[in-house]
Amino acid sequence: MRITTSLRVSRRIPLLQTLKTSVAVVLAWVISLWLLPGELPIFAAMAAIFVVQPSINQSLGRALERSLGVVGGVLVALGIGLWFGQDSWIVLAAIVLCILLAWALKLSPGSANQIPISAMLVLVLGAATPTYARDRIIETILGAAIAVIVNALIVPPVLLTPAHDAVTRLTLEVAATFDRVATALLSPQKYADLESLMIQARLLRPMLAKAERAISQAEESLTLNPRQSRHREVLDADTDLYARLVPLVTRALGMTRALRDHYDDSLHLEPTVQAFAIELERAAHDLRLLTVPADGKPSASAAPGIEPLALTAPLMIMTPHPQHWILIGALMEDLRRVREEITGE
């Protein structure tokens, strides 16, 4: 494995975020120098760098982490400095103490790392006095607050497109899985064909996980975002569709696995199987109608009365061959639940 793999990422962070971080650092530095003259505002600049995140919600959380970490580290450094001085071994002991303190308090990684860093900087760069400690705390809070404000005012990011695309791709792939199962039921299949069908169906799981992550990121990008009211409808529609897709993925996998495990060459001759395949194609058709346009409004093709749902009432099952009744029963139960999810009954 190349060493650069752990140093570089496949995609750069957005240029806008880089510019926002730069603006936040400059403002934090200038304002801190104006309000707290005498010391270089290192703590303010550090807070601004760490707090600017892809979403406002993440920025606020990081601001709290850094601020609490600095307060803890500065207070520990102040106490140790007043009692024991600022020798090199005292600084080392303070760092170790802060690490153990963060572990004992079960702090998040952001706060746990910030406490020993702040304590070290206070003991090494400054004077362990109450005034110096107070100024560094104010400086950090100021830098974090400026970063949050900058992140909120300069085009807050909204990550709706990745979520919408992931849900749409998942919907179309579930529908395609239904179509593939229907096709396999209508004609004789080789074992390799059934295995290929199962492999394709298993790809639904990672697609489902990807859609879930994308929706979570989109939801986080809208939290505390001034523009959330304009985009909430689209995300709600994608979230509702995703909730329907979760059981449909399970049903699609169950149908495919049952077909692979219980298949025989005479299955396509069963009248019930022929009718079932037609219903499954209709289910795929109806599922595609549920896809949500990017504006969150139903498309004309999906409007009631223009292209109605094609699923019919539950099938009447004729007595199947003894070798087929387990498979047909499993498929019919899965189809019933698929119909309920698609029609919303």
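Just so you know, glycine gets a Cβ as well, placed from its N, Cα and C.
Here TrEMBL flags 12-34, 68-84, 90-108, 115-134, 140-160 as transmembrane segment. Per TrEMBL, domain 'Integral membrane bound transporter' is recorded for 27-150.
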Counting only residues 6 or more past its boundaries, what in the same chain has a CB within less than 8 Å of a CB in the transmembrane segment (90-108)? 65, 68-69, 72-73, 76-77, 80-81, 84, 115-116, 119-120, 123-124
If one takes Cβ-Cβ under 8 Å and requires six or more residues beyond its ends, the residues near the transmembrane segment (12-34) are 40-41, 44-45, 47-49, 51-52, 54, 139, 142-143, 146-147, 150-151, 154-155, 157
Across the domain 'Integral membrane bound transporter' (27-150), what are the DSSP residue counts per state (helix, strand, coil)? 103 helix, 0 strand, 21 coil
